[in-house]
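These notes are about the structure you will find just below.
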Amino acid sequence: MRRTIDWADGAIVIVDQVALPGEYRILTLRTVTELVDAIQRLAVRGAPALGAAGALGVALAARQGDDVRAEAERIAHARPTAVNLAWGVSRALTQLPHGADAVLAEAQSMLDEDEQRNHTASAHAAEVVLDACPRRPLRLLSHCNTGHLATVSWGTALGVVWHLHERGLVESVLVDETRPLLQGSRLTAWELEQAGVPYRVQPDGAAATAMARGLVDCVLVGADRIAANGDVANKIGTYSLAIAAAHHQVPFVVVAPTSTVDKAIATGADITIEERAATELTEFGGTQIAPKGSAVFNPAFDVTPHALITAVVTEDGVFGS
Ligand code: MRU
């Protein structure tokens, strides 16, 4: 699978995640304005991929000789919850005094690192899952999209599925559709289909019932920001999944690179949660579905307290151990 985000011929190239699964389309982003728009439309999304977008965005601004620090601010604030975006921007900026080529070299090495970190984190997490779950082969539950598309390549929580599938240890994956933007049914199902891993898409509301029926051996999710105390911000619905998993004694494992850890944030209560447009809920495929003018509550993420999590796993191993 090609990289979700990369640098080619003086521009940022991304796999357009709005077009999938209908069309596999590559977008070329030549300006910071195009990049910010792609981030806000979720054409590029997922915390680790946003880290790469932040770094490459600074490289783009530096090569174009813009007011790089002002452009960097604009990129860092394109979305607020995933710490990776601001992290990618600030790390690329450290090379600015050495010139545009040094910024680009730093950004490119961050892309390589992202692949390695996620591959390692998900390998560690696969061992955690095997220790926590006696049944073979495993029936796993996935929320949002945490695969190749959410990272430079490979993935975090879905990376665990790739490792276990390579060893013949995956029976199937229950894929939460992940309302309202359907990253599960559009993107995760597409990735599992490509990889030949058996899966079933389910409405988010079916997850607790699936656990009650004994159909889930482990829940695997990613993270957008991990606070110093191990609380985890991730796609809306993750907290409800964790509560259901705790109730049914199903292991609940979070997988993320250390670039998602924000030690400056003491607890999950301090994480800024993005609220998105009302039309994501009042319309579907361009058709009005709620009464015109309906007020909405549309947080894109929620916070899961560390106490509900079996393990948060990074490339360094189990967080906090
Ligand atoms: O709004 P999105 O699609 O960017 O949200 C993504 C998620 O919540 C993912 O679970 C998270 O970024 C981890 S991805 C490896």
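Backbone N, Cα and C define each Cβ position, glycine as well.
The substrate binding site feature in TrEMBL is assigned to Arg45, Gly46, Ala47, Arg79, Gln183, Asn234, Lys235. When Cβ atoms from all protein chains are considered, those within 10 Å of Lys235 (substrate binding site) total 27, not counting its own.
Around Cys144 (site 'Transition state stabilizer'), a 10 Å sphere centred on its CB holds 29 further CB atoms from the protein chains shown. According to TrEMBL, the feature site 'Transition state stabilizer' maps to Cys144.
Look at Asp224 (active site, proton donor): DSSP puts it in coil. Sequence-distant contacts of Asp224 (active site, proton donor), defined as residues of its own chain at least six apart whose C-beta falls under 8 angstroms from its C-beta, comprise Ala47, Thr81, Ala82, Val83, Asn84, Ala233, Asn234, Lys235, Thr260, Phe301. The active site, proton donor feature in TrEMBL is assigned to Asp224.
Report note: the substrate site is defined by Arg45, Gly46, Ala47, Arg79, Gln183, Asn234, Lys235, and the residues of the same chain whose CB lies within 8 Å of the CB centroid of those residues, excluding them, are Leu50, Ala82, Cys144, Asn145, Ala150, Gly222, Asp224, Ala300, Phe301. Residues near Gly46 (substrate binding site) in space but far in sequence (CB under 8 A, at least 6 apart, same chain), listed by position: Thr4, Ala82, Asn145, Thr146, Leu149, Ala150, Thr151, Gly222.
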